[in-house]
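Residues or ranges marked as ATP binding site by Swiss-Prot: 169, 170, 171, 172, 173, 174, 175, 176. Positions annotated as region 'Disordered' by Swiss-Prot: 115-135. Residues annotated as site 'Required for activity' in Swiss-Prot, with sequence analysis given as evidence: 362.
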């Protein structure tokens, strides 16, 4: 077979015409130091702050310090396989996490990867973990109540949808229990909940997940966990991953509750990273931008305007105090960022008052606008009455003679404390809260012995379910107080059948 010269020249011409002369340029650096979750790389001249970089073994990192001769990178995964001299390359992307309804009911790490052994999460939607908070004109005043199901909170320090309410207290004072009860109470409220566990023990997170599953709350909850065994970069990123997953729902007109348990551990992880990156330490060795760490996170909680869909994202950040010291650096920072705080006292907790909410120092800066009309009417003076009772109680311990008015205040105060006690994982519907608080504030409980108050309340709720369903549904639908006669008839009707202890 003869090959003609014309064919050969035509083929060569075609090859020349189709030749692609584009060169793929990728910015590559070299690892010069690695350890403790931090790497320093030389040669990434054009890398951006916060950009994702990829090491030669596939582990990702986040560029943080851009210095004259090197780049400080926090490593998002195991760093033991990374060696000095390894290649590290830019990706041109910032960090994103998967979002969407496919995550609901799952337990994921801060990178959005499932850790519950239930298989992959089939979602293609992602959002950047750092995004600007909604602007002033995109927001609306907080006006819808978020019912926690906890009498002491819904009556004394009400939380609204889109609010940021700090839960602060020493370790072992019931902070997590408050959050779990709130999540459990959202069952029929069309609310998506996100529980972010930062630096918790794996066993604790397991217990939380099982509690949520047992009460049917995992059907509308995402659990994001960065446990104590994880490297510091994941603890630092966990809250941002949680709020990003929540924002996807908020911008689609849904209502979201995000619990950060707890931000003290995130601040400690960020301090660790900052010191390893050789950033100058400030007060309590925290870096200078630790306020911005929390403010840019909590500002992303909002109640959106109707034009933006009317969705909301409510934040419940936790801060752990040392021996009740709320004047430390991180507690004062977060108190100044949030719209109020619920202060849990260890003294109250160990004396059997649970939830151990200190009415004197707890405050909600949204207040009555986050309560239904019925609740704001029955709980109007409750907080002041409770605070004055605490003062009188201390005074009465001296055993001096008390006048009738003071004695009456002490008696009412003792009953108030008993009514506000609540069992673990037993959230109460708002209409039942209204009726028992009405009975308390209008003096219907003054003749019930203090030791019987808790039993009276439990039996009263059961009696209401079978004998006063009309009253319950009226409060639920109108959100206003029914006629005094209806309340009196229901309360007196039950008092006739209630048997007080001797």
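Each residue, glycine too, has its Cβ placed from N, Cα and C.
The Cβ of residue 172 (ATP binding site) lies under 8 Å from the Cβ of 346, 349, each of which sits 6+ residues away along the same chain. Counted over every protein chain shown, other Cβ atoms within 10 Å are most numerous around 169 among the binding-site residues 169, 174.
Nearest Cα neighbour of residue 362 (site 'Required for activity') among the listed binding-site residues (169, 171, 173): 169.
Residue with the densest Cβ environment among the recorded positions 173, 176, 362: 173, by other Cβ atoms within 10 Å. Cβ neighbours of residue 170 (ATP binding site) (same chain, under 8 Å, six or more residues apart in sequence): 320, 321, 322, 323, 324, 344, 346. Considering other CB atoms within 10 Å as the measure, the emptiest surroundings among the binding-site residues 171, 175 are those of 171.
Secondary structure of the region 'Disordered' (115-135), assigned with DSSP and counted as helix (H, G, I), strand (E, B) and coil, comes to 0 helix, 3 strand, 18 coil.
Taking the mean position of the Cβ atoms of 169, 170, 171, 172, 173, 174, 175, 176 as the ATP site, the remaining same-chain residues with a Cβ inside 8 Å of that point are 320, 344, 346, 349.
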